[in-house]
Structure formats: structure tokens, C-alpha cells
Amino acid sequence: MSEKHPGPLVVEGKLTDAERMKLESNYLRGTIAEDLNDGLTGGFKGDNFLLIRFHGMYQQDDRDIRAERAEQKLEPRHAMLLRCRLPGGVITTKQWQAIDKFAGENTIYGSIRLTNRQTFQFHGILKKNVKPVHQMLHSVGLDALATANDMNRNVLCTSNPYESQLHAEAYEWAKKISEHLLPRTRAYAEIWLDQEKVATTDEEPILGQTYLPRKFKTTVVIPPQNDIDLHANDMNFVAIAENGKLVGFNLLVGGGLSIEHGNKKTYARTASEFGYLPLEHTLAVAEAVVTTQRDWGNRTDRKNAKTKYTLERVGVETFKAEVERRAGIKFEPIRPYEFTGRGDRIGWVKGIDDNWHLTLFIENGRILDYPGRPLKTGLLEIAKIHKGDFRITANQNLIITGVPESEKAKIEKIAKESGLMNAVTPQRENSMACVSFPTCPLAMAEAERFLPSFIDNIDNLMAKHGVSDEHIVMRVTGCPNGCGRAMLAEVGLVGKAPGRYNLHLGGNRIGTRIPRMYKENITEPEILASLDELIGRWAKEREAGEGFGDFTVRAGIIRPVLDPARDLWD
């Protein structure tokens, strides 16, 4: 302990079992290859259950039928979730056609799920289809490496820019950062792609033999949009432009939303500003942040292992100085930037190159053929004729990019006929949920299946109080891990038990303030009763342009969270 920082740089003590597992895994190989051939179980055993996460998969089961199968003396219906690595959410139409085919033919649920980390997931991959899915991805230039567990996960990049040139530059950096921080082990290629074992020894110069202490998330942000919710992420590069050209980044470190119910040592935290850096130092700084967290992060307690806790333990200035030392730079003062919103601009938007971009609202990001709304088939038909790319947004929507004027009518016709352009309220456009039941093993309450009817009720309240043309950033997450990013919403519901949620208020529209718990463990009717009263007050008492979250703070309904590490639970 020194006087410079509040706690030790390295936490001494017994390492978690996850650290043992990583060390003994032979650079993430484990016995996954052998386990694949075990037909006695539909799942992976022992360490492999966790090791497959480094390869982009989670083992799950259908919780709707878990009890029924137990009664029949059957093991749970194991199936894998696979998450693709897709920096910035950009996917070609050729790649889309391949994933559409796989989802339809080789998954239990037949759907493609767009996520709020700008990628897609397959749910319900049986063990026999696990190797084929990796080979299918590889055949179209994709992979699932490092999209889960203790790695730098899928790198986000603002997807609805006002200037296409700036987006192109920022997207290139998102890709470079993603590639630079990837694990170097050949385990992925050996196990899934049948590449030969090479005699050389594996090395992980950046991540190390035991990888990172915990998950690590990175973004590239183009103000004034904060669509990627930078404060939910460990490392954020905020684009600074001069005359429409990218010149450098402001770096913000240490955001994160995951908490544990009732555990006051856990907290959501907004990211801290470190300073400005010119473009040429980007990769060195990214590596320095990651290696500092690698060496200083807490490996004795996974609930205290994220970058946000390291920053609070050692102090922001100490961490920043170490990043400067490792990167061989001095940060310049933060350059001015501001955010004005987080939502996607649904519908047609003209780019600066005379091409058009069509943003399609996809409720909960779930792409499936619904009765009367064949979303999946519609997108496949568009993918067959569209010459540009698709872009997945951090709001779980899809952008068809680079549509020339001559193709606009054709694409719009397919989109309308497939239900991809059905009109929805501003409120629905600004609401989001994680997957939760039936596939997520951590789910405590419904989220994706709860949201549509819940928003019907909220729409009725908005109409009742004369604010139907307005919106409140509203999010539901099925457990406190926070994948639905409810802890950056104006109204956040965090699942507590079946049918029960903690209601959080006081975030803001631009995603720079953590909401505080207003009521604990309440039901949907209780939530709606509270919001009925509060939306009524907001409609009558708000100032010009004042969002719901800002109103709840100004009116004294909720105390703002100013320093989450210390006052979130007050």
C-alpha cells in the first residue's frame, strides 16, 4: 500500500478456480476436441463447459421444459448459444445468406438474434452442429473467437453516423483494435477448422497465459451519437474529428453495469476520462489498458475483477499513469465532445455519397418469420439483391447500407411486404430487452418475452397523458448482470424473480448517468401504477425539452447517482 492510491496494485490471495482452469487448459484447448465425440451427453463436461466460452459459445438448456425432462429422468436439453465476432456490426449480404441458411436448418429455434453488442447469436445449436457452425462461419470469413469469457469481446462502433467518411475511418479502427487484442492461441483453428497442430509453442504476448481476469468490452464512439452506450464498457475511444476527418480519440476507461442483488460491493460505474491521444498511438494505448488490467485486475474474486473495480482500488490517476508508462505517451487534455442521443434513426437516411441507408426496427433483435410478418425471409430476399452491406446496431436493429437511388423502391417494397417497416411508436423504438428466458441460465425474470406487451401498456399510459410523440429510454434485463443495459436507462427494470423486478429511475436520455433503485421486487401492475403517476407528472410539470429521467431528478423523485462506487446503494 502506498499513499498514492487507496488499495494494493495486485490483490494477493487464493486464485479463483477459473484461473486454475485457464492455466491448465493448454491455451484454451482443454479436452474440447475429445468431448465433441462423446455422444452420451448433449453438453460439454468439466472445464470444457466454461472453456467453450472462449470459443464464442455458452452451454444452455431450454428452461421451459427443464422440470418436465427431469421428471422423465432425462438430462436437460443442452444446446449452445454461439455469438459471432463482428466488429462494428458490419456483415456482407453473402455472409447474411450463409447465417440465414444455418439458422433455419441447424438450430432449434430457427432464428437469428441481433444483440446490443452489434453482432448476432444463434440459439439452440445441438452438439453435433457445433463444429459445422464454426466451419460455416470460417467459409464466409467470420469467426466466434473471443466473443465471450475473459477476453476483449466484440468491439462496438457507432453505426448511424451523420458522415459516412468518418464512420469508415472509425470502423477501420474498431477492426484494428479487435484484431490487435485477439488471442494468439491456435486452439480455435485446431479444434473447429481441423488445422494441423504446429510444433511451435503458443504465446499470448498481450493477454497472457491466463488471459484477462474478467470480460473486457471496447467501443469506438462517434459523437453526438452514444448509440453504443460507452459507459457500459471498459475501454472507449471517442472519435475527435477536424473538418470531417478523424484526428484522434478521447479515451474513457472503466465503465460497466453488472451488479449482484444485495451485494453492496458491486456497482454499476460510468467510465472515467483519461485524456486525448492522436491516432498513431491508438493500438499502443489499447494494449496498455488491457495489459494493465491483466496485471492489476483481481484474480481472487470474479465479482470484483472488472476494470471498474481495479480503477477504484488503485485510483484513476495511478491506472492512467501506468497506461501512459506502458504506451510511452502522455495523454493530452480531453477534447470537447457532446452526446445528443442514443436511438437509431429508423427509416431512410441519405448519406453524403448520394447513397441511402435504411434502418429497420427489429423488436428485441429477434429475426424470425412471424405470422403475417416474415422478417427472416424478407431480409434474405433483400440480401440476395442488395449490393451494399448490412449493419447491426447496438439497439438491436439492422441498417441496409449504401442503397443507390435506383434500388431504393425495390428494397422498400420487400421490406414493407415482410413487415420490416411496420410503423411503431417512438416509445417502442427506444425500448430494449436482453434474451433471458427460456435459454439464458442466469435469467431471474422474463425480459425479451415480457417487453412487447409491457410496451403496449406503456404506450397506453403515454397516450393517456398526451405524450405519445415522446419517448422514455426504457430497458428490461432479466438479471443484474445487465445485458439489457437497464442500468443506463431512464427507466430500468432489473429481474429479481419470476414476474418481479427492481425499478430504477433517474438515468438520462444520452446514457451518462446511472439510475438509482426506486422500488424493489415489484410486479408489472405495481410498476405500471408507479409509472402512470410519474409520466402524468412529467407531462404536466416538465420544462421544455426535458427528458423523463432528468425530470425525475429535478423534481426530487429520485436522488441522482453521482459517484456510483460510493452512493449507488444509498
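Our numbering is plain: 1 for the first residue shown, then up by one each step along the chain.
The backbone N, Cα and C atoms fix where each Cβ goes, and this holds for glycine too.
In three-state terms derived from DSSP, Cys483 ([4Fe-4S] cluster binding site) belongs to neither a helical nor a strand segment and is classed as coil. Long-range Cβ neighbours of Cys483 ([4Fe-4S] cluster binding site) (same chain, at least 6 residues apart, Cβ-Cβ under 8 Å): Asn116, Cys434, Val435, Thr477. For Cys434, Cys440, Cys479, Cys483, the entry in Swiss-Prot reads [4Fe-4S] cluster binding site, with the evidence type sequence analysis.
Residues or ranges marked as siroheme binding site by Swiss-Prot on the basis of sequence analysis: Cys483.
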Proximal but sequence-remote residues of the same chain as Cys479 ([4Fe-4S] cluster binding site) (Cβ under 8 Å, at least 6 apart): Ser436, Cys440, Leu442, Ala443, Met444, Ala445, Val494, Gly495
Residue among binding-site residues Cys434, Cys440 with least C-beta crowding, 10 angstrom cut-off: Cys440
Additional residues surrounding [4Fe-4S] cluster, by Cβ distance to the Cys434, Cys440, Cys479, Cys483 centre under 8 Å: Val435, Ser436, Leu442, Ala443, Ala447, Thr477, Gly478, Asn481, Gly482, Gly484, Gly495
